[in-house]
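Report on the following structure.
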Amino acid sequence: MSGWPRCVQYLFYYETPKTLVIPNITAGCVFRLTQLLVVLYVLGYVCLVDKAYQETDSVVSTVTTKVKGFAFTNASSIKYWDVADYVIPSQGGKSFFILTNMIVTFRQTRSRCPLFPDLSTVCVDDCDCIEGLNDPRGSGIQTGLCENFSTTVKTCEVISWCPLEIDSHLPDHALLDSAETFTVLIKNSITRNIAPHINSSYLRSCEFNRSSDPDCPIFRLKNIVSEAGEDFQDMAVKGGILGIIIDWSCDLDWWARKCSPKYSFRRLDSRIPNNDVAPGYNFRFAKYYMDQGGEEFRTLFKAYGIRFDVIVFGTAGKFGVVPTVVNLGAALSFLSLVPLVADWFLLTCLRKKDLYSRHKVSYLREDTDSEGETMHTIFGTK
């Protein structure tokens, strides 16, 4: 029989597994070792490390912060500083700013004044100035007049808050250098990051320390900056952005019940040496006043400082029937591959592989009582 009839007949053949016991120590060791590796992978990595039997959910949290500390300075109109002076905004959330340095321009009024001299502002007469010119990088709207900036230099006049701010002379030493001693309380709730044993009397004396007191939610600013690999006094001059990273990796199984935050700190803004393009972190704000004659004036502050961003992430896991069944099925499927590995080793690597190959697959003829010799193997040998 050959051709199509034989192919059609082959479709109706039935194959059933056959048990072939081979008393070979080498083959037995390979089989059991492969089984052991699969079991260790399932128990060690899948169950203990990856905890694949758990149902997981991402963390949704709220954050509030409260800064404490006082400072005294001699180089500013403000001598004594408290939280209301240097924390911006006053209501702390996932981000808060600590003012450490500033440039102050006193008693500005809405009026006209000449620009500071540079290549684009120096003029000889009114023809060099454009009336109504509004340069976003400038200091006001030009009037079209060329006025005396000094006895030797003329510049274009602008409508602005005068006198203009001089922001090119930043103090080399931070004004609020003592800000490194300030502390911040971080209240982060997934339900909460304050453990049940922590009370108000404990919070009065505790301070976060990674080795001796890792549960305390009160941090000293100097230590935060230091753990981020920075020096507080250097960073306080021009400011910067620091991340307070809170990682919640919670195991909610009844035999573990472990859910506590892990803190780490990192500088987030780019700090490239010799790069003078908007270094650090700063912004401007003003305080407005009214004199006795009813004229409005203001004091302008260019504030430098450190912005702290509280970043919360994490997952919570708990035993679940569905992931357990799914991963148990995956483990059993891995075990079903073990005989294939052992068969491959048996039929390719051992000295008596031809003998094993002849007995691996047998063809049974129903018209005789004897079992025929192996007609083919899984490798196609006779």
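Cβ from N, Cα, C; glycine included.
All protein chains considered, the CB of Lys66 (ATP binding site) has 15 other CB atoms within 10 Å. The ATP binding site annotation in TrEMBL covers Lys66, Val67, Lys68, Thr183, Asn282, Phe283, Arg284, Lys302.
Per TrEMBL, disulfide bond is recorded for Cys113-Cys162 (among others). The Cβ of Cys113 (disulfide bond) has 20 neighbouring Cβ atoms from other residues within 10 Å, across all protein chains displayed.
In sequence order, Cys129, Cys146, Lys154, Thr155, Cys156 are the residues near Cys123 (disulfide bond), counting only same-chain partners six or more apart with C-beta under 8 A. Among the features that TrEMBL reports, disulfide bond is placed at Cys123-Cys146 (among others).
Here TrEMBL flags Cys129-Cys156 (among others) as disulfide bond.
TrEMBL lists Cys206-Cys216 (among others) with the feature disulfide bond. Spatially close to Cys206 (disulfide bond) yet at least six residues away along the chain are Ile198, Asp213, Cys216, Ile218, judged by Cβ distances under 8 angstroms.
Per TrEMBL, disulfide bond is recorded for Cys250-Cys259 (among others).
Summarising the annotation, TrEMBL assigns transmembrane segment to 328-350.
Around Asn282 (ATP binding site), taking its Cβ as the centre, 18 other Cβ atoms fall within 10 Å, counting all chains.
For the pair Lys302 (ATP binding site) and Cys259 (disulfide bond), the C-alpha distance works out to 42 angstrom. In sequence order, Lys302, Ala303 are the residues of the chain that are 6 or more apart from Phe283 (ATP binding site) and have a CB within less than 8 Å of its CB.
Taking the Cβ of Cys156 (disulfide bond) as centre and 10 Å as the limit, one finds 26 other Cβ atoms among all the protein chains shown. Neighbour counts were taken as the number of other C-beta atoms within 10 angstroms of each residue's C-beta; across the disulfide-bonded residues Cys162, Cys250, the minimum falls on Cys162. Around the Cβ of Cys146 (disulfide bond), 21 further Cβ atoms fall within 10 Å across all displayed protein chains. Across the fold, the C-alpha of Asn282 (ATP binding site) and the C-alpha of Cys162 (disulfide bond) stand 21 Å from each other.
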